[in-house]
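Asker: Let me give you the structure first, and then I'll get to my questions.
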Amino acid sequence: MTFLVCVVSLGVDKSWKRFMQMLIVIWIALVILKKLVFIPHLNLMMLLLMFAFFWGTFSSICRQILFSGSVDSNKVVGSIALFLLLGLQWALAYLLILAFSPSAFGGIEQVPWGQNFSQMVYFSFVTLTTLGYGDISPDKPFAQVVVYLEAIAGVFYMAIVVASLVSAGLAQKVSEQDR
């Protein structure tokens with residue numbers, strides 16, 4: 001359902017929308033296939049498909065927020081959606097790391113990704129906001145690199161996107177006052 005809402009609500013070009021619709025059709029086919037037969041790496045394929053879909057949604061929202069029109073409530077809501085999608089993307093990246101290296105994170109059980117999804121989303125947002133409780137921690141060097149890249153991305157998001165929206169809004173008000 002989330003996939004469908006994303007595709008319908010985003011004003012994107014037709015080829016991009018077709019690509020996103022194709023991802024949804026593949027997702028539905030994989031869900032049905034998962035119910036009918038056992039395929040060893042089907043969960044991994046579904047995880048990669050989710051990553052691709054949310055990356056496409058993130059890119060589309062990013063273009064609409066940062067490179068179009070004046071600042072209004074839609075841009076503010078879009079920047080919130082962008083931040084949430086950023087956290088989800090990192091969570092999916094962590095789940096992919098866990099799929100290939102089950103001991104990459106301490107404090108996480110070695111279970112299928114669907115059972116760790118909420119914990120990795122939690123960890124992602126704790127990292128993105130640089131809160132860092134420490135109940136889940138990266139144990140392998142590659143996981144550590146990805147985690148600190150997320151922390152940097154979170155700080156840059158606040159510094160760049162929020163500052164850009166604020167400065168564009170102020171410039172818009174000054175422009176309106178000069179008329």
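Placement of Cβ uses the backbone N, Cα and C atoms for every residue, glycine included.
Copying in the features that TrEMBL gives for the protein in this structure:
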type	residues	note
TRANSMEM	19-37	transmembrane segment
TRANSMEM	44-66	transmembrane segment
TRANSMEM	78-101	transmembrane segment
DOMAIN	97-167	domain 'Potassium channel'
TRANSMEM	113-133	transmembrane segment
TRANSMEM	145-171	transmembrane segment
Asker: With Cβ distances under 8 Å as the criterion, find the stretch in 19-37, 44-66, 113-133 that has the most pairs with the transmembrane segment (145-171).
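Answerer: Looking at each of 19-37, 44-66, 113-133 in turn, the most contacts to the transmembrane segment (145-171) are made by 113-133.
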Asker: Which listed range (19-37, 78-101, 113-133) shows the maximal number of Cβ pairs under 8 Å with respect to the transmembrane segment (44-66)?
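Answerer: Most contacts with the transmembrane segment (44-66): 78-101.
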Asker: Looking only at the domain 'Potassium channel' (97-167), what are its DSSP counts of helix, strand and coil residues?
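Answerer: So the counts come to 47 helix, 4 strand, 20 coil.
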Asker: For the domain 'Potassium channel' (97-167), what's the mean pLDDT in this predicted model?
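Answerer: Summarising the domain 'Potassium channel' (97-167) by its mean pLDDT gives 92.
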